[in-house]
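Novice: Before I ask anything, here is the structure I am working with.
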Amino acid sequence: MALETLNSPTATTTARPLLRYREEMEPENLEQWAKRKRTKRQRFDHGHQNQETNKNLPSEEEYLALCLLMLARGSAVQSPPLPPLPSRASPSDHRDYKCTVCGKSFSSYQALGGHKTSHRKPTNTSITSGNQELSNNSHSNSGSVVINVTVNTGNGVSQSGKIHTCSICFKSFASGQALGGHKRCHYDGGNNGNGNGSSSNSVELVAGSDVSDVDNERWSEESAIGGHRGFDLNLPADQVSVTTS
């Protein structure tokens, strides 16, 4: 197809004027290019530029002088102070438990309870007559009276002791054995107001009563029965002559 178009008469007629135009224009272009002058391009010399810039830079002395002038003219700009941070109270400083007596505050209820114990007054600091409790626990058949005495001392220690008192002569002994040995003196003599071999008497002491009142009652009973005995067991017995008929 391409060969046919080239060989056809229409294609040859259109291609001839184009070729002629090109042939006519080529010598003109060549002449114009020949008449023109070449333009010179600017060449940059980096070394020369560096020298010029170095000349423009100030020396060290000038630079220091400029710095001093700038510092003298300028004003110091102070940044505003930062607001203080809110102080956070530590758990140990947070004290809600307060003593009602001295006003001290504590961080825990346990610490407050331990502190309150120091305000408590010790009990039983003095001996009073009302603190002495006398109780009659037991009465022996031989007529002895056993009394338990509890005394509250200042140290809070109760001292309990037993008083063994003879029901006939009202002598007191530290032990029941000593009282029993003493009672034999009364029994061997046979001077018993009741006529029996033994007497059973009991004395009740109430707290707050006086022992002298009980003694007076006992002596009044003895005088009503047969009067006071005319001998003392602590003295040797008198020699008695016995006549037999």
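Sequential numbering from 1, following the chain as shown.
Here the Cβ of each residue, glycine as well, is placed from N, Cα and C on the backbone.
Since this is a predicted model, take the numbers as computed values, not measurements.
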Novice: When you get a sec, could you say which of 49-71, 164-186 is annotated zinc finger by Swiss-Prot?
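Specialist: From Swiss-Prot, the annotated zinc finger range turns out to be 164-186.
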Novice: Grab the pLDDT values for the zinc finger (164-186) and give me their mean, rounded.
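Specialist: Across the residues of the zinc finger (164-186) the model's pLDDT averages 86 on the 0 to 100 scale.
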